[in-house]
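Q: This is the structure I want to talk about, given as structure tokens.
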Amino acid sequence: MANTADRVSTRGRRRSGASSLAWSILSFLVVAAITFLGLITVTFFIGRVIPIDPVLAIVGDRAPASVVAAARKQYGFDLPLWDQYLLYLTKALKGDFGNSVLSTYPVMDDIRRVLPATLELATVGTIIGLLLGIPLGVLAAVKRDSLIDQIVRVIGLVGYSVPIFWLGLMGLLVFYARLGWVEGPGRIGVAYEYSFTPITGLFLVDAILQGDWDVFRDVFRHIILPGALLGYFSMAYISRMTRSFMLNELSQEYIVAARAKGLSETRVIWGHALRNAAVPLVTVIALSYATLLEGSVLTETVFAWPGIGSYLYNSLQNADMNAVLGGTIVIGALFIALNLLSDLLYRVLDPRTRT
Amino acid sequence: MSALLTVEDLRVAFHTRTGTVDAVRGVSFELGRERLGIVGESGSGKSQTGRAIMGLTPPHAEVTARKLDFDGIDLTNISARARRDLRGDRIAMILQDPKYSLDPVMTIGRQIVESIQAHEKIGKSEASKRALAMLESVQIRDPARVYDLYPHEVSGGMGQRAMIAMMLIANPQLLIADEPTSALDVTVQLDVLRILDQLVTERGMGLIFISHDLRLVSSFCDRVIVMYAGRIVEQLKASELNQAQHPYTRGLLDCMPRLGAADRHPLPTLDRKPEWAL
């Protein structure tokens, strides 16, 4: 009897499981849309209430009043704030953030140019952080309170507390100026800068696609130092979180059971404990990736990296509000997308969230 | 009868910041191919006794024994590797609550297959065939379906059967069951016990049945050890439980309600004497 009841109820759960997946993807998208709308709204109003007159930023301080008034009318700044907002919203949803005052190009074109540079750097950093951070975190948890654990803790602490611009400058000083192992500032050497036509904007990928190994080597030598630097910070965070998730998993009863089965420690740690720890780790990794995307302003400044961080910084300094708003919204959208992705991965990794 | 397991003066101590906690303080017993029940309250050291025999004591604990002998193998003096090879293969353990003791992100079938593969070089399809057969022998009616389920998708009784299947698939000679039914509904407890009983008899295993339930242990086991504060206070045949001498055991028996007996309200409670823990 009990068995039949079990079977029926499980089957029922399975069926609703399939439709609940579709349902939850739908609700994901709705939440994402609402979040995105909120993002545009908040960004727009913050951009409008800060004491920067966008018209003056365009025409300059000393323009005659008639020019200012004409510009105000031309850009729609004479409309009520609500109308301005609706106008901005409809255009932004089509990917039109207006033109940048600084570059005179559409903001979207500028972003298309600078975003891949940041994406590439953050991706390299995250890959380095993952490859080092997870094994270190696992090791620190398994050998808790040992020398290795202490070393990992100190590495993490340094990663948290040393300012990145200082480490960046020191890195440049040692590895570029003194040792000459890597290239200096910028993404690509002058020798290749004008002959190389990017496809995706991710130079490493483009070089591989074109089979141009000289460019690849040059780009690699440019990206490795800032990438390693971001990777170090990402590693500090990931290893710390991995350690604490692993400690939690290793104290669970199923680990005792796995050992009672006679499994090897390797299998117990990597096959069972880390597999379970991977579930919350996904969120941590996504967050760390997002942090590298938005927080690379300092790195990009030190390494003269033409990414979205330095683009935003420059725009802000010049009161180029279209560029600032556009850049903020794009980064925010990336954040939302990463969150969605990690939520979906979470469901893939944890069967308990599927029912 | 040659003993399958000999334990002499087993001690388990945890060194903590606030001092040393002696969880097990000199436990000695012998076990043949029989059912031995270990009864005691929480903290009496019964579970730690079982884990020490398995070699699964936490690393910060100190385990010593004058003798810890399994089927002629001196467990105090073998490598971690050799110990691991015994685990799951010749000595196995069933844990209390399948909700926590099964890996939540791995299907039941894979967890059983993993158990076989830890000890045998065996192909995947062969291993899963044996896992299915094992699921059937713990009376799971639809093994092919349960094989693909995750632990959270089955009931407690089903989960504990899967646990039994996982631990018995390598045909161990000694099984340590650590409160195997305490987390289950009363109605399911009997089912699981019956399955356990049948498999232990069929396969001629030695069984250590750890529980806090004196009544259950006495009905299920041949012999009973009563532990209190890390020591064995009494050893007796299950059938002679009524002749228990130690005041702790007497006290335990006394506080059980009896059907048809004279009205006893309130039921007597245990009055722990400090000298028991000496």
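Placement of Cβ uses the backbone N, Cα and C atoms for every residue, glycine included.
Checked TrEMBL, it gives:
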type: TRANSMEM; residues: A:21-46; note: transmembrane segment
type: DOMAIN; residues: A:115-346; note: domain 'ABC transmembrane type-1'
type: TRANSMEM; residues: A:121-142; note: transmembrane segment
type: TRANSMEM; residues: A:154-177; note: transmembrane segment
type: TRANSMEM; residues: A:219-238; note: transmembrane segment
type: TRANSMEM; residues: A:277-303; note: transmembrane segment
type: TRANSMEM; residues: A:323-346; note: transmembrane segment
Q: Rank A:21-46, A:121-142, A:219-238, A:277-303, A:323-346 by Cβ pairs under 8 Å to the transmembrane segment (A:154-177) and hand me the top one.
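A: The stretch with the most contacts is A:219-238.
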Q: Would you kindly list the residues that approach the transmembrane segment (A:277-303) from elsewhere in its chain, counting only those six or more residues past its ends and only Cβ-Cβ distances under 8 Å?
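A: For the transmembrane segment (A:277-303), the nonlocal Cβ contacts are 118-119, 121-123, 125-126, 129-130, 134, 163-165, 168-169, 172, 185-186, 225-226, 229-230, 233-234, 237-238, 241-242, 245-246, 248-249, 309-310, 312-313, 331, 334-335, 338-339, 341-342, 345-346, 349-350.
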Q: Any residues 6+ beyond the ends of the transmembrane segment (A:21-46) with a Cβ under 8 Å from its own?
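A: Non-local partners: 85, 88-89, 92-93, 325, 328-329, 332-333, 336-337, 340, 343-344, 347, 354.
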